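S.K.: Before I ask anything, let me first share the structure, which is written out below as structure tokens.
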Amino acid sequence: MALVGVDFQAPLRIVSRVQFGILGPEEIKRMSVAHVEFPEVYENGKPKLGGLMDPRQGVIDRRGRCMTCAGNLTDCPGHFGHLELAKPVFHIGFLTKTLKILRCVCFYCGRLLIDKSAPRVLEILKKTGTNSKKRLTMIYDLCKAKSVCEGAAEKEEGMPDDPDDPMNDGKKVAGGCGRYQPSYRRVGIDINAEWKKNVNEDTQERKIMLTAERVLEVFQQITDEDILVIGMDPQFARPEWMICTVLPVPPLAVRPAVVTFGSAKNQDDLTHKLSDIIKTNQQLQRNEANGAAAHVLTDDVRLLQFHVATLVDNCIPGLPTATQKGGRPLKSIKQRLKGKEGRIRGNLMGKRVDFSARTVITADPNLPIDTVGVPRTIAQNLTFPEIVTPFNVDKLQELVNRGDTQYPGAKYIIRENGARVDLRYHPRAADLHLQPGYRVERHMKDGDIIVFNRQPTLHKMSMMGHRVKILPWSTFRMNLSVTSPYNADFDGDEMNLHLPQSLETRAEIEEIAMVPRQLITPQANKPVMGIVQDTLCAVRMMTKRDVFIDWPFMMDLLMYLPTWDGKVPQPAILKPKPLWTGKQVFSLIIPGNVNVLRTHSTHPDSEDSGPYKWISPGDTKVIIEHGELLSGIVCSKTVGKSAGNLLHVVTLELGYEIAANFYSHIQTVINAWLIREGHTIGIGDTIADQATYLDIQNTIRKAKQDVVDVIEKAHNDDLEPTPGNTLRQTFENKVNQILNDARDRTGSSAQKSLSEFNNFKSMVVSGSKGSKINISQVIACVGQQNVEGKRIPFGFRHRTLPHFIKDDYGPESKGFVENSYLAGLTPSEFFFHAMGGREGLIDTAVKTAETGYIQRRLIKAMESVMVNYDGTVRNSLAQMVQLRYGEDGLDGMWVENQNMPTMKPNNAVFERDFRMDLTDNKFLRKNYSEDVVREIQESEDGISLVESEWSQLEEDRRLLRKIFPRGDAKIVLPCNLQRLIWNAQKIFKVDLRKPVNLSPLHVISGVRELSKKLIIVSGNDEISKQAQYNATLLMNILLRSTLCTKNMCTKSKLNSEAFDWLLGEIESRFQQAIAQPGEMVGALAAQSLGEPATQMTLNTFHYAGVSAKNVTLGVPRLKEIINVSKTLKTPSLTVFLTGAAAKDPEKAKDVLCKLEHTTLKKVTCNTAIYYDPDPKNTVIAEDEEWVSIFYEMPDHDLSRTSPWLLRIELDRKRMVDKKLTMEMIADRIHGGFGNDVHTIYTDDNAEKLVFRLRIAGEDKGEAQEEQVDKMEDDVFLRCIEANMLSDLTLQGIPAISKVYMNQPNTDDKKRIIITPEGGFKSVADWILETDGTALLRVLSERQIDPVRTTSNDICEIFEVLGIEAVRKAIEREMDNVISFDGSYVNYRHLALLCDVMTAKGHLMAITRHGINRQEVGALMRCSFEETVDILMEAAVHAEEDPVKGVSENIMLGQLARCGTGCFDLVLDVEKCKYGMEIPQNVVMGGGFYGSFAGSPSNREFSPAHSPWNSGVTPTYAGAAWSPTTGGMSPGAGFSPAGNTDGGASPFNEGGWSPASPGDPLGALSPRTPSYGGMSPGVYSPSSPQFSMTSPHYSPTSPSYSPTSPAAGQSPVSPSYSPTSPSYSPTSPSYSPTSPSYSPTSPSYSPTSPSYSPTSPSYSPSSPSYSPSSPSYSPSSPRYSPTSPTYSPTSPTYSPTSPTYSPTSPTYSPTSPSYESGGGYSPSSPKYSPSSPTYSPTSPSYSPTSPQYSPTSPQYSPSSPTYTPSSPTYNPTSPRGFSSPQYSPTSPTYSPTSPSYTPSSPQYSPTSPTYTPSPSEQPGTSAQYSPTSPTYSPSSPTYSPASPSYSPSSPTYDPNS
């Protein structure tokens, strides 16, 4: 509710901890309001007291009231009742715990079974301080072994010995009863106890069923100390409470009855269940009272037990589910809580909200990107509560009078006491009267801030802030560029809109979540939006070389460009008629000084090198220099979504707001051009010429013939299988290769045939729609259809469709589509095509569910990880995850890809380009000016400085090559130096041919100073220093190498001014790029990883023609990694070799054989069993010869061998391949079977390799007896054969089933070495890849590189190499998965995930087994999975949740400590009282004037110098405006009409005259950018618009009588009366006391140190504020302080403003507010007593003046200077209108200074926009001093006579 605090006056406490526990029977009775004892609900049509709908438990129907609290249906929350059970029963949720505790204590005396004082126990208690769950587990493990309650026997023996012995004392206490313990088993919902040993109880049976009653007795005997030892809590969770004796009856609100029309009420499931319990309970009581048989009672108790159990959980395994009469299972309490739709996830974590709208979206290219068009019907329905203040009462009164029926109206008035007046039902006129403090719920109007969202919300750019524009009709309209972050299209998508209900929310959305602020995504540091669709297509067409635009059309286009400055550029062609090129028009759209180099999509790489690399014949090199498109065709590479493109650069260089306008302007102008130009596509575009078709047919015919040939070869067995593949795989690969090749060849010939003007092609080339493949499929041939990565499989009887013959492997039968879409498919082709398409659809559907779950798990695992104020990254338990975010402490949004100039070049080039030689005079003279050369020659340490620079560069290069041994890493850093240097060259007009005046010594010292300022980790201790070094190492290396002396004097040629500007710019941009504390980087990382996962393919196929090994990729691999799976689909090692093995394939083969597991089966050709009784004379003819030779020297006793013979013939080829010898195999057989098998074998060189094996039997004598159970020899031999073939390992590692050997052809697997010359060289070593992993065994092999060899099984890496290695392995594996399909995710997100998974020192899986085993609070865990189990566990162990995380706070409806909620604000409430003085005499006087002191919400009262935002809250940029509407802007009076530009409030930037009854425009023009009294052109007496004779300003006009307290009139400025207490005679904007602006603000004076006239755009403290940039004017209304573009040089921040008074962070302590003190206290160092402005002799500063206190420079009416007749411009009066701080003696404003004439302190007469007469022009602006280089007096645009161009801001100009 937006109205908390209005409706409910009671203050709300913040929940700081949540204590879990079990409700004990006493407490249940205490909180109960009714004892429920009857199962009936009604009696005589009335709710029955003591029944299940007891009226004391809550309200029953709409009209009723609650008997307990007398509330009605909306107010009464419901109250618990209770019902007492006749017998105790088990609580099903606690059953497992009950069992555990039974096993820990003695069944008879309730003692712990272990000695509490035993060291083991004490250690456990110490170890598990707060973790009681762990404690129970460990104690339970100790007790499990005990079967006797110890202590009885020892007690008797020990006593006589030594009664004083402390041990005995302990024994006495610990002594148990010495009886044997039963073992317990759970059966269903019963517990059975069984005694194993013969118990000394004579009659007791050995096995009984424990009743809950008996267990309760045991539990009641446990002492409080023991309760603590078993991890429970005597106060909150006692063991006996786990047994139910009293049941709470939930309130009626929890189980409402459903009233169906025409029939009785349907009671809720819980009510039914409770009624069953009561009935059973009554029956049990009756039977007990009547003394029924024991078995009857037992049955009743079991039934009661069943009902109580199913009330809690209705899905108990082994129990029937309780059902309603109809057979529908009842919904138990557990089912109500768990799952997506349950209470936790469905109602607490996520709720349905009010003030939201949903409808279909439609495109509208004319809306700005941050605007959404809202239908009027929605605007009329959604309201915003606006607080009535004296400033907006008129406006709101008007809305209220219109009511709800007319559009800009209001729905409700909410009075201060919370009463609502509904304006729909014609209320009395008196009710409509508004008073300050009321709230008006007004309709949504233009300019409101809303949140727009499209599900699925995969990343933070799926919910962004927009502004509203009310449009007719019924759909949301949005700009096309914004569709990409939302992933929306206009084929019927719906989107949601939320209207925030408080100013704080609006401010937050506006300052953080608006679309322009999200242009760059931290996910991949690139823009998320680009130009799309028709605009993209047109921008390519328009920027081609041959596009010309004539004069009328040019005028038309300029009309569409809002930022046009009124100058038409020189046309490119003058005769015969003026023509402009398309490039010129595009240059007009580009804002400001941007420099970009890109290529067009068709750019050939060959053009980038060679002597003519600057010449681009196809106009494919896009060069934008100084905001001018010089060459190149603009396509999606320049204005799309790629990193480093034009849009990216504009956003980084000029700020998000200009970038946002740029998006909109491109669209309006280009679309206007396209409407005239036209773009269409038809069948004509798809038709190629005759020759092409012939070519295509021939290609396909040839391909089909090739396939037939391959099939022939396969039939004839001529096809050699490729290594690692079977014959069939090889065949398929070959065929696939042929067919894919055919498709590609036909496609490329089709594309070649299309002309330059083909519309298909123009869309593909510009990147707006389609790809090359689409073209070739439409024109040439659709190609091979695949299912599961293979050709269409045979369906039945060896055919794909009935139309083909059996075993047809031809292209047509297996799914090759040779027709194009244009020609149309044959029926069978169509069928195959549909098969391929269907698979795609299924894949997508399955993938969506998979990735959605992955995303949820990632978010849940990392949701509370955030950057803290100490710069570390921690989770909600404040456990450190990273020392610095992303290891460099920078925000992913501000970094860019940069290249390290020193990494790649070899030594010679490196020395040539980076080594400076100060002794080379010729070089110095050529590159440096005389002064510099002299300085170098005179300096004594110059040479050593330059030498130290060189050695530092060499060291940097060595480090770089160590960090990036491959030399090709993508280095991501802030501040793109190359571009900054380029900007500097443009701004300072650097001439690259002249020598420079920048001394090399200055360069070295400058760079060193700068690198000291780039602080990520502050602190002077050793650790901090090292951390700082690590975090900024790369940045420093980049700085030193790019800004080295040699580079500066030969390539960049910056002069010293430019160099200083550059250093300052780097520093401020680096500061800006530091990650903000409070940033929720965990959620960001989870989204950044989850979002690309949805784009991945689900199944990765074994691609055709690849013989290398197949690895799991895509979503399945991602799942394996984050689940930390123990068993992978394709476990694999990548083995790198060293020494000779790496180079020599034979040696590599040796290693391969050592690794690959080889069984006998793999080398066997065939086996056979023969009956061959005589060993010497064999029956097998071919063996005779070698057998007889073998037995010539008999060394065995042949009499015992069996007559059966196993003959194994081996495959010679495979033996050689595996490098095996016969001897090795014989050894293995001998090793396996010993002497039981008699083996003979042929020589290695024999024709056939044969083994002959016989069983060596025992002596004949023994054999007879055992004959019975012995199997026959031949059967036994068969078993041996099977065993030998499969299990006999010949060599290798059993886990590694196959090893592939290959020589890598891609660089990522090659070995990169650094040559002696210092260059990089990649060497293709042999590498082995395996199926199966055994890292430990492999690492111990010889000739293996143990450093690079790695496994893809992260569990194995953890076991073998430890946690740090596995962190790197996860990072590498994740990177492989993501980059496989060309995505890129910034390293910091991957690193964060790896750190979260490994921070604890073990692998934490991102599943319930990992996330829910952390020590976070129970509330967070139960919001993920296993809801009820976790809550039960928490109750048993009396856990406490500290409510620190995100989920817990959301569940409790509190602000989570994250983002803007992670800090507190200090507010001086006393000061706030003086914040807003509203003179009572003007409150109802037609217009309202507020003092300019500032409301409490204004920035002057905000925490002044929190280190991050140099002293301003993000919300209110204005000086003083009312909390609701921002009615007062710093200089622009009150605006009754909302949305005009100017002013400073973000909402209605109004600038109207305070009260002007007649003129609709008021005294100010509606768009004036907040200039007050004497501000230029607003109230100047001679200005034609506001002349004294103007009817509205006649002194006789009733509302302007000079003495009227409301609107007095001074002779010059009609609206200021001297007696009006709040209006000072000078305009508030330029008054000396106005904190927001003082003309002497040092930032603009030529003497100011920070504003050097030669360096217009840089002041040391300003991140990127350049006065020459058109939109950063002092008056630009929408600039927030945290915006990078605000800077101390903006007038609102003048250093004299109290916010910056150096002696006090916010304002000076002696000044209660800036109405009365303005922060200028005498102790403030800027105001010394000698300052001429405050001289005591000044006539206006009389200490005796009643209203002038020395600390408060107020204007008081009694001050002599301020009589209405006071001369307006009194040069001698330091307090005249002329200048509040002007005095003739002031050194800055000396009358002799040419720029300052006495009548004009601010504008010099030479400034082209200034005329020295007091009537100032509208265009004057404090920003331009005559010396400012960017502002030349001759510039025709800013002529004094041109009324509408204010140099400060073309958009918001005073007079338009």
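Using N, Cα and C of the backbone, Cβ positions are placed for all residues, glycine too.
Below are the features I grabbed from Swiss-Prot:
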- Cys66, Cys69, Cys76, His79: Zn(2+) 1 binding site (BINDING)
- Asp489, Asp491, Asp493: Mg(2+) 1 binding site (BINDING)
- 1587-1856: compositional bias 'Low complexity' (COMPBIAS)
- Lys1260: ubiquitin cross-link (CROSSLNK)
- 314-331: region 'Rudder loop' (REGION)
- 1523-1856: region 'Disordered' (REGION)
- 1616-1622: repeat '3' (REPEAT)
- 1623-1629: repeat '4' (REPEAT)
- 1644-1650: repeat '7' (REPEAT)
- 1651-1657: repeat '8' (REPEAT)
- 1679-1685: repeat '12' (REPEAT)
- 1707-1713: repeat '16' (REPEAT)
- 1748-1754: repeat '21' (REPEAT)
- 1755-1761: repeat '22' (REPEAT)
- 1769-1775: repeat '23' (REPEAT)
- 1782-1788: repeat '24' (REPEAT)
- 1803-1809: repeat '27' (REPEAT)
- 1810-1816: repeat '28' (REPEAT)
S.K.: Looking only at residues six or more beyond either end of the region 'Rudder loop' (314-331), which have a C-beta under 8 A from one in the stretch?
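M.R.: Distant contacts of the region 'Rudder loop' (314-331): 92, 187-189, 269, 272-273, 276, 306-307.
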S.K.: Which residue, out of the binding-site residues Asp489, Asp491, Asp493, shows the minimum number of other Cβ atoms inside 10 Å of its Cβ in this structure?
M.R.: Asp491
S.K.: Just give me the nearest neighbour of Asp491 (Mg(2+) 1 binding site) among the binding-site residues Cys66, Cys69, Cys76, His79, Cα to Cα.
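M.R.: For Asp491 (Mg(2+) 1 binding site), the spatially nearest of the binding-site residues is Cys76.
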S.K.: Give me the sequence-ordered set of same-chain residues, not including Cys66, Cys69, Cys76, His79, with a C-beta within 8 angstroms of the centroid of the Zn(2+) 1 site's C-beta atoms.
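M.R.: Going along the sequence, the neighbours come out as Arg56, Gln57, Gly58, Val59, Met67, Thr68, Ala70, Gly71, Asp75, Pro77, Gly78, Pro251.
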S.K.: Can you name every residue in this chain, apart from Asp489, Asp491, Asp493, with its Cβ inside 8 Å of the center of the Cβ atoms of the recorded Mg(2+) 1 site?
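M.R.: Apart from Asp489, Asp491, Asp493, the close residues are Ile361, Ala488, Phe490, Gly492.
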S.K.: Would you pick out, from the binding-site residues Cys66, Cys76, the residue whose Cβ has the largest number of other Cβ atoms within 10 Å?
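M.R.: Buried the deepest by this measure is Cys66.
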S.K.: Within the region 'Rudder loop' (314-331), count helix residues (DSSP H, G, I), strand residues (E, B) and coil residues, in that order.
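M.R.: DSSP classes over the region 'Rudder loop' (314-331) add up to 0 helix, 2 strand, 16 coil.
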S.K.: For the binding-site residues Cys69, His79, work out the Cβ neighbour count at 10 Å and name the residue with the minimum.
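M.R.: Selected from the binding-site residues Cys69, His79 on minimum Cβ neighbours within 10 Å: Cys69.
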S.K.: For the region 'Rudder loop' (314-331), what is the mean per-residue pLDDT, to the nearest integer?
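M.R.: Its mean pLDDT is 90.
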S.K.: Rounded to the nearest Å, what's the C-alpha distance separating Cys66 (Zn(2+) 1 binding site) and Asp489 (Mg(2+) 1 binding site)? Just drop the number here, would you?
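M.R.: Cys66 (Zn(2+) 1 binding site) and Asp489 (Mg(2+) 1 binding site) have their Cα atoms 52 Å apart.
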S.K.: Select the closest residue to Asp493 (Mg(2+) 1 binding site) from the following binding-site residues, measuring between CA atoms: Cys69, Cys76, His79.
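M.R.: Result for Asp493 (Mg(2+) 1 binding site): the nearest of the binding-site residues is Cys76.
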S.K.: Cα distance, Cys76 (Zn(2+) 1 binding site) to Asp489 (Mg(2+) 1 binding site), nearest Å?
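M.R.: Between the Cα atoms of Asp489 (Mg(2+) 1 binding site) and Cys76 (Zn(2+) 1 binding site), the distance comes to 46 Å.
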